[in-house]
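In Swiss-Prot this protein carries:
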CARBOHYD  N265  N-linked glycosylation site
CARBOHYD  N276  N-linked glycosylation site
CARBOHYD  N444  N-linked glycosylation site
REGION    791-847  region 'Disordered'
REGION    908-938  region 'Disordered'
TOPO_DOM  714-938  topological domain 'Cytoplasmic'
TRANSMEM  693-713  transmembrane segment
Amino acid sequence: MLRKVRSWTEIWRWATLLFLFYHLGYVCGQIRYPVPEESQEGTFVGNVAQDFLLDTDSLSARRLQVAGEVNQRHFRVDLDSGALLIKNPIDREALCGLSASCIVPLEFVTEGPLEMYRAEVEIVDVNDHAPRFPRQQLDLEIGEAAPPGQRFPLEKAQDADVGSNSISSYRLSSNEHFALDVKKRSDGSLVPELLLEKPLDREKQSDYRLVLTAVDGGNPPRSGTAELRVSVLDVNDNAPAFQQSSYRISVLESAPAGMVLIQLNASDPDLGPSGNVTFYFSGHTPDRVRNLFSLHPTTGKLTLLGPLDFESENYYEFDVRARDGGSPAMEQHCSLRVDLLDVNDNAPYITVTSELGTLPESAEPGTVVALISVQDPDSGSNGDVSLRIPDHLPFALKSAFRNQFSLVTAGPLDREAKSSYDIMVTASDAGNPPLSTHRTIFLNISDVNDNPPSFFQRSHEVFVPENNRPGDLLCSLAASDPDSGLNALISYSLLEPRNRDVSASSFISLNPQTGAVHATRSFDYEQTQTLQFEVQARDRGNPPLSSTVTVRLFVLDLNDNAPAVLRPRARPGSLCPQALPPSVGAGHLITKVTAVDLDSGYNAWVSYQLLEAPDPSLFAVSRYAGEVRTAVPIPADLPPQKLVIVVKDSGSPPLSTSVTLLVSLEEDTHPVVPDLRESSAPREGESRLTLYLAVSLVAICFVSFGSFVALLSKCLRGAACGVTCFPAGTCACLTRSRRREGLPPSNGILRIQLGSDDPIKFVDVGGHSHGCTPLASAPTRSDSFMMVKSPSAPMAGEPVRPSCPPSDLLYGLEQAPPNTDWRFSQAQRPGTSGSQNGDDTGTWPNNQFDTEMLQAMILASASEAADGSSTLGGGAGTMGLSARYGPQFTLQHVPDYRQNVYIPGSNATLTNAAGKRDGKAPAGGNGNKKKSGKKEKK
């Protein structure tokens with residue numbers, strides 16, 4: 001019954017103890033689980049999932065586990081229930097030694113997100129060890145003269161258990177001379193001493209055999225015994241005496257071996273051998289003390305034998321005995337404590353619990369990269385550890401617990417600037433001098449598609465000569481992307497503009513992998529001069545990014561078009577007859593060859609040359625004007641002359657064409673050139689012809705007067721102006737004005753605005769474009785005269801005698817008048833207004849695209865001249881162009897192609913400045929009146 005009560009009492013004590021331990025952890029702010037030592041595998045320690053408020057369903061996914069290799073050998077976590085279980089039995093004595101408390105810190109780590117939890121497990125001691133004496137037989141010698149009350153220290157027993165399970169008492173077998181006294185040291189250990197209660201009498205009893213028992217406080221208690229043999233010695237009545245009963249010294253843990261720590265002194269008043277004192281360690285001094293310290297037997301010097309380690313043991317306490325040489329020998333003992341002073345001899349060590357090897361560059365600031373713990377076994381300030389990383393890195397350290405840190409991102413990451421980081425973590429203690437440890441964490445930055453492809457230029461200009469071969473490489477549009485992987489793979493595509501009629505894909509092809517632009521067909525400058533398109537570079541990221549570049553392609557002109565003769569024009573292989581009055585002098589204008597070239601620039605700059613003639617000395621051809629004149633006076637009996645005029649451009653190689661003129665005196669031209677005007681009656685006589693001419697002259701005067709009055713009235717209604725008739729037979733209203741704005745157009749009237757210095761500033765041809773039929777050759781008879789037409793439609797029955805067949809004037813070549821899109825920018829205008837003479841020299845613009853515009857304007861001017869429109873009265877330097885080209889464009893730098901426009905039957909050319917330079921008035925377009933041998937019919 002008594003045993004049953006005791007068992008219930010023990011159970012209650014254990015339950016109370018476990019309850020106090022469990023709740024003590026919560027009071028201290030830390031979860032602590034008590035568990036008895038030597039618990040079997042699978043023993044329940046605590047439910048960490050419940051205590052850490054974790055979802056048990058996600059424990060497997062988050063991989064809840066115990067951190068640290070040492071702790072993983074003893075504990076494990078059940079991922080199904082979240083329970084902390086014993087993995088291997090724990091021996092408290094092997095784990096914590098003789099420490100009063102055995103606390104094992106545990107760290108738990110979860111993933112997704114990465115988190116750490118801390119708890120403690122207290123290993124509760126179990127009374128599984130019995131006290132044991134160093135030896136089973138203890139020998140003690142006591143002089144018979146020892147007085148009662150003298151104490152003799154005994155070797156104490158050792159118990160591996162701690163706390164209440166350690167040694168709690170000593171017992172001595174019953175006897176009449178000795179008693180047992182137990183002293184408690186500062187560390188809580190008990191030291192037995194033998195107390196002499198009665199004087200000894202060696203003669204009665206020389207030795208005593210006693211039993212010494214050590215009992216622990218476990219339940220049930222365990223005990224250990226040793227035999228104590230006491231020998232009674234002969235009288236030595238003075239024992240050695242120490243100066244003090246206990247000594248305490250301090251020494252640095254870094255003290256070198258061989259250092260003398262203390263010298264003990266003991267005196268014995270006896271003489272002889274009884275006064276010789278010998279020092280030695282007491283019998284119960286542990287071996288670890290004997291291995292560290294050496295005690296000289298005669299001098300009492302305590303010498304250090306090996307290195308000290310404050311972190312392993314911070315003090316040593318043992319007994320030293322002094323014995324004399326008497327018989328029996330007498331001895332005395334003292335207590336010696338050696339305290340170790342901590343020295344900063346241990347550098348901190350860093351443990352990276354968990355780290356991410358790769359981090360995307362889009363990670364937000366505050367993302368956990370690694371969990372770091374630091375430890376320093378030193379004490380005090382030597383164990384205070386601080387952690388740091390380089391300042392220039394976009395990372396920071398956050399303190400979670402004591403000596404626990406989290407490495408997080410502190411700013412944005414850019415893989416293109418830095419693709420990996422070697423983060424050196426430095427742990428330093430606060431010792432003097434401080435010690436530090438380095439640990440490098442390697443982190444790779446994964447790419448995110450945050451950079452669009454970029455071209456080296458925002459726009460490209462490509463120049464390609466016409467007549468190129470299909471498939472030729474035009475340009476290579478390379479784009480770069482600082483991203484990596486698929487984010488840096490670039491594909492190219494052609495963007496078609498919506499507002500353009502010409503599709504760029506019909507001219508070029510784009511390689512989607514390399515960005516190379518190839519021509520799909522041959523370019524023709526006369527059809528396409530420029531081509532603009534956009535190319536898009538797009539990466540393969542998610543989402544994809546892109547950029548565009550504008551490409552301007554300019555087609556360069558090649559000399560692939562031969563000059564075309566506009567006037568005089570004959571069918572291929574035929575002659576173009578030209579009439580020459582008899583007995584003309586030198587310098588007489590026979591005709592003017594007008595040619596154009598569809599090319600541009602120097603390729604369109606034509607020159608004229610007399611290639612073939614029966615007598616080249618009779619004729620001269622102006623090199624650039626194309627005027628065919630007589631070089632010497634022509635005799636009256638000159639036979640017909642066949643002149644071959646070659647027209648050649650300035651290209652490389654130059655191209656040319658030719659026109660053949662048949663120049664003959666007027667009597668020889670009538671059989672060659674048929675008269676288009678049919679006569680309904682035979683010629684009668686000179687008197688009748690004179691009558692017809694007189695009637696015609698009167699009619700023409702009336703018509704001219706009426707036209708003049710009508711023109712004058714219109715000019716007076718529109719603005720104050722003066723009427724001026726030009727040599728070509730065209731009248732215009734001239735207005736002097738200092739204002740720069742032009743006059744509004746009016747139908748059927750040529751308006752010319754003059755500046756204060758008389759040059760023409762504004763020309764406007766109103767009304768419809770009427771064709772002027774070329775007049776017949778100059779009449780040779782005295783009663784013939786030249787008829788001048790008004791700008792209106794030709795009158796019925798009007799006599800016309802063209803020098804070339806009218807149907808062949810343009811030979812199927814129709815030149816449309818220039819539209820309003822042909823405008824010159826300020827940078828393309830050759831110069832200020834001024835007159836241009838009809839010399840053979842001239843400067844061509846250097847810019848090919850300026851000359852392209854000028855080429856079109858020249859064609860338009862030549863077309864107007866060929867049609868005989870009123871624009872022939874243009875001002876100097878304007879080449880007879882209409883006002884739509886602006887008064888500021890005078891073509892000073894272009895050869896005067898007005899000289900290439902020739903009006904048959906007239907010596908006038910398209911210039912009004914020659915008269916000013918020569919000091920003469922321009923010649924009339926109707927020439928001299930001469931009689932003809934033929935009748936003219938209205």
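Quick reminder: no glycine exception, Cβ is built from N, Cα and C everywhere.
A map of Swiss-Prot features onto the structure.
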residue	record	Cβ neighbours (10 Å)
N265	N-linked glycosylation site	15
N276	N-linked glycosylation site	16
N444	N-linked glycosylation site	12
Open item on the list: When DSSP is mapped onto helix/strand/coil, what comes out for N444 (N-linked glycosylation site)?
Closed with: strand
Open item on the list: I'm trying to understand the geometry here, so how far is the Cα atom of N265 (N-linked glycosylation site) from the Cα atom of N276 (N-linked glycosylation site), in Å to the nearest whole number?
Closed with: 12
- [ ] Would you mind reading off the Cα separation of N444 (N-linked glycosylation site) from N276 (N-linked glycosylation site), to the nearest angstrom?
- [x] 77
